[in-house]
Amino acid sequence: MSDIKDGNNDHLVQSDDPEHPANLIPALCRNFYSHGWVTGTGGGASIKRDNHIFIAPSGVQKELIQPHNIFVLSFPTPKYPPSARQYIRKPLKLNPSACTPLFLAAFERGAGCCIHTHSQWAVLVTLLVEREKGPEGCFEISNIEQIKGIPRGKGKGMMGFFDTLKIPIIENTAFEEDLTQSLEEAMEMYPDTYAVLVRRHGIYVWGDDVAKAKTQCESLDYLFQLAVEMHRLGLPWVKS
């Protein structure tokens, strides 16, 4: 790990540009908090810019995060062990996000931003899928306009109204970092996916850039809420 001294590399998170990752992450977290996605310090966000990874800290109320709370990693960097990760800025008295290796898994696949939320709708659809399809089932929905907000895959354009969206679901673990292997396996099994649900936990969503990751996260949450209501009304998620 890099030798980080007090105050070293603070310039990496100091900018008047609202589009700078150190300013965007607090803004995103405040937005997500207003949706109820990152309550109780849960969830997080990370942005890749050039060879730097900017990551929200662990254990800080997401609506209160400030630029000086942001961690910065050199990229590429090892996912494991944590001691091998190359932090070039590490705020005093704060811990790195437990989501870090999962964010890195998304960046290794070309993402520019990765978001983790504890959305209640995401949690509920994982339970409904488990009850209806068993633990190996994935979330599927079709013939809903908002599906157009989700990419078909890298360089394949956006999904259409008649397409069936599929989001893999992995089982939760006692510790966040232990989800990494299952997340990567889901990415391999569903190479075109931009999201992975975690049963009884939430969702990881990534995109080519911040705007795409944010709008895809919003579109998915809309679809999950709609799916829960459709199920309550006895309506199928996939139109035959």
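For all residues, glycine too, the Cβ spot is worked out from N, Cα and C.
What you are looking at is a predicted structure, and each value in this text was computed from that prediction instead of being measured.
What Swiss-Prot records for the Zn(2+) site is His116, His118, and among His20, His35, His201 the residue it adds there is His201.
Listed in chain order, the residues near the Zn(2+) site other than His116, His118, His201 are Gly42, Gly43, Thr117, Ser119, Ala122, Val198, Gly202, Ile203, Tyr204, each with its Cβ within 8 Å of the site Cβ centroid.
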